[in-house]
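> Take a look at what Swiss-Prot says about it:
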type	residues	note
DISULFID	CYS45-CYS111	disulfide bond
REGION	23-45	region 'Framework-1'
REGION	46-57	region 'Complementarity-determining-1'
REGION	58-72	region 'Framework-2'
REGION	73-79	region 'Complementarity-determining-2'
REGION	80-111	region 'Framework-3'
REGION	112-118	region 'Complementarity-determining-3'
REGION	119-128	region 'Framework-4'
SIGNAL	1-22	signal peptide
Amino acid sequence: MDLQVQIIXFLLISVTVIMSRGENVLTQSPAIMAASLGQKVTMTCSASSSVSSSYLHWYQQKSGASPKPLIHRTSNLASGVPARFSGSGSGTSYSLTISSVEAEDDATYYCQQWSGYPFGSGTKLEIKR
């Protein structure tokens with residue numbers, strides 16, 4: 001097989017992989033929520049098709065900062081994340097819960113299927129002061 005044919009085949013495979021990545025849409029609910037200090041909150045992540053619990057992750061993005069890992073593999077806290085955060089779910093339905101909201105939790109939260117894939121639509125948590 002000559003080089004041109006190899007390059008074309010590689011490009012076709014790459015396009016197929018990239019297009020298949022976009023098939024599963026993650027929709028988060030609610031889009032915006034407000035909570036008082038100490039309140040328990042739960043936000044959801046719904047997938048258009050089933051996601052393995054080993055590959056569902058949550059990120060926290062504070063204003064002006066990059067997203068930071070929060071929970072990996074559905075329910076495992078990332079290093080340094082407080083125990084008030086927890087994750088659960090399976091199949092097409094996942095959730096992130098904060099058992100007692102603190103002021104520093106004011107951020108946007110994103111779910112993600114597989115590392116490197118697009119984030120879900122996001123939930124912005126606003127803290128009532």
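Cβ coordinates come from backbone N, Cα and C, glycine included.
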> For the region 'Framework-4' (119-128), name the stretch out of 23-45, 46-57, 58-72, 73-79 with the most CB-CB pairs under 8 Å.
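Most contacts with the region 'Framework-4' (119-128): 23-45.
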> By DSSP, how many residues in the region 'Framework-3' (80-111) are helix, how many strand, and how many coil?
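Summed over the region 'Framework-3' (80-111), the classes give 3 helix, 19 strand, 10 coil.
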> Do any residues at least six apart in sequence from CYS111 (disulfide bond), in the same chain, have a Cβ closer than 8 Å to its Cβ, and if so which, in order?
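Expected: LEU26, GLN28, CYS45, LEU56, HIS57, TRP58, TYR59, TYR94, LEU96, PHE119, GLY120.
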> Do the region 'Framework-1' (23-45) and the region 'Framework-3' (80-111) come together with 3 or more C-beta pairs under 8 Å, pairs six or more apart in sequence?
yes
> Just counting, how many other CB atoms are there within 10 A of the CB of CYS45 (disulfide bond)?
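Total other Cβ atoms inside 10 Å, all chains included: 29.
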